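Here is what TrEMBL says about this protein:
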| type | residues | note |
| --- | --- | --- |
| BINDING | C12, C26, C29, C35 | [4Fe-4S] cluster 1 binding site |
| BINDING | G65, K66, G67, G68, V69, G70, K71, S72 | ATP binding site |
| BINDING | C236, C239 | [4Fe-4S] cluster 2 binding site |
| REGION | 1-23 | region 'Disordered' |
Amino acid sequence: MSNIPADANEHCPGPESAGAGKAAGCEGCPNQQICSTQASGPDPDLPLITQRLDQTHHKLLILSGKGGVGKSTFTAQLAFALSQTHEVGVVDIDVCGPSLPKIMGVEREDVHRSSNGWTPVFVSDSLSLMSIGFMLPDEDAAVIWRGPKKNGIIKQFLRDVDWPPLDFMLFDTPPGTSDEHLSVVQLLRDSGISGAVILTTPQEVALQDVRKEIDFCRKARVPIMGVVENMSGFVCPGCRHESAIFPPTTGGAQALCDELGIPLLGRIPLDPLVGRACDFGESFADSAPTSPAAVALAEIVKRIESLV
Ligand SMILES: Nc1ncnc2c1ncn2[C@@H]1O[C@H](COP(=O)(O)OP(=O)(O)OP(=O)(O)O)[C@@H](O)[C@H]1O
């Protein structure tokens, strides 16, 4: 069977078999968890998703091991930057903590339905967003859903949304490796994921979790585009002196990337203007184009464009 992972156990029954993840031969296999949580047999909706996304060129997952390292902020700012020259769609699959409507300045918008499906919310002519945040009765409403329901809404975002032709589709994910990650990997199995960008901060505790994300990508066969180190030093807006707020005691993301042979895409400093831009739903490349964070982001955007 061609779709048996290279690192699977010798007696792998096949990731789409009824016994996937549960058969005796699966014991101790590095892919056991991924296989046991997916439904057996190919999802009948995969051809519909592939058809919906056949005008979408590059699909990028934005991942992080820890929460609060700036994944949604980075996704939004990357989307703003790419949309200057490309058509960009963003899918917020952080189902229980959707923050992109606010960070992208469209929190009061509604999703409309037409005969072609749901219309995503347009942040600008070249930037659209789909998030469960648009469907909640109020901004304080909690989404408390188990895996199958999360899988259902992610599927709807891919199968039922009338996405325009896109150069980039970015997926903002929850921290860690959970139901949402497994769902998106399975749902994009046929249409393909171009790569994953992994966000971290310089502390060892965050870097340890990056190793888990890398392991997940390798098991799920998602190409790793590289790592972005966020909150990497603080440049004082007054004297421009750079301080290490989170000192990289073990060498930070650079040492980890060197060890694992993964590109470090760049380092974004802590910058109060970033927090401000998020609170106001703005692009900080527009609101503070000469700030160290905006300059660092621009370099990362160039690297990502060169890697796809
Ligand atoms: N480089 C930065 N400089 C200053 N503030 C930042 C920077 N990056 C992110 N922030 C701030 O850090 C906070 C957390 O960011 P964000 O919500 O993007 O993290 P997250 O990784 O998506 O969190 P979660 O995974 O829990 O959703 C936000 O208030 C954001 O404005």
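Every residue gets a Cβ built from N, Cα and C, even glycine.
Nobody curates TrEMBL annotations by hand; they come from automatic prediction.
Model, not experiment: these values are computed from the prediction.
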- Task: Determine which residues of this chain, when C12, C26, C29, C35 are set aside, have a Cβ within 8 Å of the centroid of the [4Fe-4S] cluster 1 site's Cβ atoms, and list them as they appear in the sequence.
- Result: A8, N9, P13, P15, A20, G21, A23, G25, N31, Q32
- Note on the structure: Comparing the Cα of G70 (ATP binding site) with the Cα atoms of the binding-site residues C12, C26, C29, C35, C236, the shortest distance belongs to C236
- Query: Can you list the residues of the same chain, besides G65, K66, G67, G68, V69, G70, K71, S72, whose Cβ falls within 8 Å of the ATP site's Cβ centroid?
  - Reply: S64, P175, L199, T201, A206
- Item | Long-range Cβ environment of K71 (ATP binding site), under 8 Å and at least 6 residues apart | I62, L63, S64, D172, T173, P175, L199
- binding-site residues: G67, C236 - member with fewest neighbouring CB atoms within 10 Å: C236
- Taking just the CA atoms, what is the gap between G65 (ATP binding site) and C35 ([4Fe-4S] cluster 1 binding site) in Å? 21
- Message: Using only C-alpha positions, which one of C12, C26, C35, C236, C239 is spatially nearest G68 (ATP binding site)? These are the binding-site residues in the record.
- Response: C236
- Query: Taking the binding-site residues C12, V69, K71, S72, which residues show a Cβ-atom distance to ligand 1 below 6 Å?
  - Reply: V69, K71, S72
- Query: If one measures from the C-alpha of C26 ([4Fe-4S] cluster 1 binding site) to the C-alpha of G67 (ATP binding site), what distance in angstrom results, rounded to a whole number?
  - Reply: 31
